[in-house]
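K.L.:
I'd like to ask you about the structure that follows.
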Amino acid sequence: MTVNLLNFNQAALAEYFQGIGEKPFRAKQMMRWMHHFGVSDFGEMTDIAKALREKLAKEAVVAPPSVHLEQISEDGTRKWLIDVGAGNGVETVFIPEDDRGTLCVSSQVGCALDCTFCSTGRQGFNRNLSVSEIIGQLWVANKALGRDPKGDRIISNVVMMGMGEPLANFDNVVAAMNIMLDDSAYGLSRRRVTLSTSGMVPAMDRLREECPVALAVSLHAPNDALRDEIVPINRKYPIAQLMAACQRYLEKAPRDFVTFEYVMLDGVNDTAEHARQLLNIVQDVPCKFNLIPFNPFPNSGYDTSKPDNIRRFRDILMQAGYVVTTRKTRGEDIDAACGQLAGKVQDKTKRSLRRIKVEAVA
């Protein structure tokens with residue numbers, strides 16, 4: 001059976017080479033060719049012995065996922081629909097800024113968590129992505145963007161904030177992030193790789209031990225009653241448990257704060273009282289806030305908070321001494337903004353079908 005070498009981080013690749021009678025150092029060579037240089041043809045890997053190249057050509061491949069569609073926004077944001085087979089596709093977004101280039105990477109085909117304000121969740125869930133399908137998004141984007149003439153990185157930051165809950169696909173996501181961090185591959189620092197979770201507490205503890213990168217938490221509500229409703233995983237891991245997990249995570253994190261993401265939903269979670277409740281629940285967690293104006297999608301049932309309400313909410317947090325950013329909406333014209341990623345999901349949960357039936361009855 002043909003082996004896709006993009007599924008291996010360097011440790012797994014060393015095991016693979018030992019298994020075929022080769023020295024483990026071949027793993028470092030292969031990592032550089034695959035990821036640093038973006039080469040998928042063994043014949044072009046000139047410092048690898050010809051006999052080994054011929055052997056690899058018979059039993060292995062370097063096979064990134066294919067791009068079904070590429071779109072470029074008026075603001076320079078780029079979105080790729082990545083074909084992952086069986087009628088499924090995931091979306092990857094590159095956001096260029098003056099001081100950085102951020103790639104937003106998906107971890108699952110759809111999402112099983114069913115947050116009520118998220119377009120991805122509305123699509124249901126099909127499966128976890130493999131390591132090659134996760135790191136392949138970075139591979140594909142690097143190829144498409146080319147090299148900066150000045151030698152600077154075009155992709156300087158990676159955020160695991162695309163489709164899916166990364167910690168629900170723990171092993172594959174961590175293996176892919178290890179490739180991102182590997183100096184023989186992409187060489188990103190732990191501070192420049194951010195994982196966003198809705199709050200899978202046991203997996204947060206495991207991540208702290210196995211691959212502590214920068215942490216963002218999709219909080220979105222300042223009390224359990226509201227969070228139970230809009231972020232259903234809160235029923236399993238309520239806010240007190242989540243805050244305690246954040247404190248534990250910071251013991252080994254590369255940054256000394258957690259970023260709390262908070263989508264601004266008109267009349268739902270955006271009042272001054274909500275802001276004061278938010279200050280109360282985070283008081284023991286060093287943090288900053290990222291306020292996200294809701295990006296509408298069809299039949300969402302929500303509206304974006306009014307600008308004055310967002311400013312009032314922000315000011316209450318800032319007056320308490322916190323760093324607060326309000327996320328700029330990028331790529332909205334190509335549905336690449338936060339919460340808009342939907343891809344193509346062959347839903348195995350039948351969630352989307354159930355919702356259609358409910359809406360039809362209503």
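Glycine residues also receive a Cβ, built from the backbone N, Cα and C atoms like all the rest.
According to Swiss-Prot, the feature active site, proton acceptor maps to Glu91, an assignment based on sequence analysis. Annotation comment: Swiss-Prot describes 97-333 as domain 'Radical SAM core', evidence class sequence analysis. Sequence annotations record features per position, and here Swiss-Prot assigns disulfide bond to Cys104-Cys338 based on sequence analysis. If you look up Swiss-Prot, you'll see Cys111, Cys115, Cys118 marked as [4Fe-4S] cluster binding site. Sequence annotations record features per position, and here Swiss-Prot assigns S-adenosyl-L-methionine binding site to Gly164, Glu165, Ser196, Ser218, Leu219, His220, Asn295 based on sequence analysis. Under the heading active site, S-methylcysteine intermediate, Swiss-Prot lists Cys338.
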K.L.:
Of the recorded positions Glu91, Cys111, Cys118, which sits closest to His220 (S-adenosyl-L-methionine binding site) by Cα distance?
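P.N.:
So, spelling it out, the nearest of the recorded positions is Cys118.
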K.L.:
Go through the recorded positions Cys104, Cys111, Cys115 and tell me which ones have a CA within 10 A of the CA of Gly164 (S-adenosyl-L-methionine binding site).
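P.N.:
Qualifying among Cys104, Cys111, Cys115: Cys111.
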K.L.:
Across all chains shown, how many C-beta atoms besides its own are within 10 angstroms of the C-beta of Cys118 ([4Fe-4S] cluster binding site)?
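P.N.:
Excluding its own Cβ, Cys118 ([4Fe-4S] cluster binding site) sees 26 Cβ atoms within 10 Å.
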K.L.:
Is any of the recorded positions Cys104, Ser218, Asn295 within 10 Å of Cys118 ([4Fe-4S] cluster binding site) (Cα-Cα), and if so, which, in sequence order?
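P.N.:
The recorded positions passing the 10 Å Cα test are Asn295.
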K.L.:
Cα distance, Cys115 ([4Fe-4S] cluster binding site) to Asn295 (S-adenosyl-L-methionine binding site), nearest Å?
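P.N.:
Answer for this pair: 14 Å between alpha carbons.
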K.L.:
Measure the Cβ-based neighbour count of Cys104 (disulfide bond), defined as the other Cβ atoms within 10 Å of its Cβ.
P.N.:
27
K.L.:
Do you know offhand how many angstrom separate Ser196 (S-adenosyl-L-methionine binding site) and Cys111 ([4Fe-4S] cluster binding site) by C-alpha?
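P.N.:
Spelling it out, the Cα of Ser196 (S-adenosyl-L-methionine binding site) and the Cα of Cys111 ([4Fe-4S] cluster binding site) are 13 Å apart.
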K.L.:
Within 10 Å of Cys104 (disulfide bond) (Cα-Cα), which of the recorded positions Glu91, Cys111, Cys115, Ser218, Leu219?
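P.N.:
Those near Cys104 (disulfide bond) - Cα within 10 Å - are Glu91, in sequence order.
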K.L.:
Among Gly164, Glu165, Ser196, Ser218, Leu219, His220, Asn295, the annotated S-adenosyl-L-methionine contacts, find the widest CA pair distance and round it to a whole Å.
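P.N.:
Value for the max Cα separation, rounded to a whole number: 19 Å.
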K.L.:
To the nearest Å, how far is the Cα of Ser218 (S-adenosyl-L-methionine binding site) from the Cα of Cys111 ([4Fe-4S] cluster binding site)?
P.N.:
14
K.L.:
Are there residues of the same chain, six or more positions away from Glu165 (S-adenosyl-L-methionine binding site), whose CB falls under 8 angstroms from its CB, and which are they?
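P.N.:
When sequence neighbours closer than 6 are ignored, Glu165 (S-adenosyl-L-methionine binding site) has Ser107, Gln108, Cys111, Ala112, Leu113, Thr197, Ser198, Met200 within Cβ distance under 8 Å.
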K.L.:
Mean pLDDT for the domain 'Radical SAM core' (97-333), as a whole number?
P.N.:
95
K.L.:
What does the structure give for the C-alpha distance between Glu91 (active site, proton acceptor) and Leu219 (S-adenosyl-L-methionine binding site)? Integer Å is fine.
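P.N.:
A Cα-Cα distance of 23 Å.
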